[in-house]
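Before any comments, here is the structure.
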């Protein structure tokens with residue numbers, strides 16, 4: 001047992017950097033890197049052309065909340081699409097077979113891909129932070145802090161895409177990921193914002209069913225909304241589930257990690 005654990009960590013140290021480098025090359029060849037960083041051009045243009053009015057005060061540039069929301073959605077879309085695409089490409093071309101015959105633990109193989117994609121995400125967030133800092137009157141440290149909180153959801157969708165692609169296919173992975181993002185966002189608006197308890201359109205049984213879905217499904221929408229609210233200094237919503245949602249998504253991450261571990265040992269990837 002101790003020998004297998006030692007081999008696993010040694011494999012991490014030796015093979016992860018190689019897998020990260022190969023995954024980065026893969027991303028560049030797929031030109032996905034251009035999609036991710038293309039949002040920077042929008043921010044550059046927006047800082048010169050956009051104006052915001054609050055009462056009688058008019059300010060030039062993009063508000064920090066817009067930076068945060070667009071960055072979060074852009075990164076999520078990037079991870080949902082590229083994660084399943086890279087894994088499907090490896091499976092179709094049988095490139096992964098060469099690596100797993102070295103030998104390489106399947107968990108290390110997936111971790112290498114995950115680290116490479118998260119590295120690109122971090123570089124992109126830092127680039128957005130650099131643009132925002134250049135035009136802002138004060139360095140927007142809050143943007144980095146709450147993007148750090150958003151890493152929970154980024155890692156969730158990364159792991160979710162791995163799992164669904166391995167157990168099914170790329171198309172289902174993308175559809176389920178976007179569907180989950182949409183459903184949890186709708187549930188967030190209904191439950192987290194306190195609309196559910198005050199609506200006369202649903203009876204008590206129907207309200208209970210909606211709440212069960214909200215509490216059972218990963219509260220991705222609440223993490224998005226809660227982080228955005230705190231960034232804007234609005235505090236919590238009428239129903240204070242924001243902090244709990246981070247723990248709930250963390251629990252789902254553990255479930256996904258365990259499911260990936262079982263999947264990679266029950267079938268060849």
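Each Cβ is built from the backbone N, Cα and C atoms, and glycine gets one as well.
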Q: Could you check which of 9-31, 32-54 is flagged in TrEMBL as transmembrane segment?
A: 32-54
Q. Quick one: which of 172-192, 193-213 does TrEMBL have down as transmembrane segment?
A. 172-192
Q: Counting only CB pairs under 8 A, let me know which of 32-54, 108-131, 143-165, 172-192 has the most with the transmembrane segment (241-262).
A: 143-165
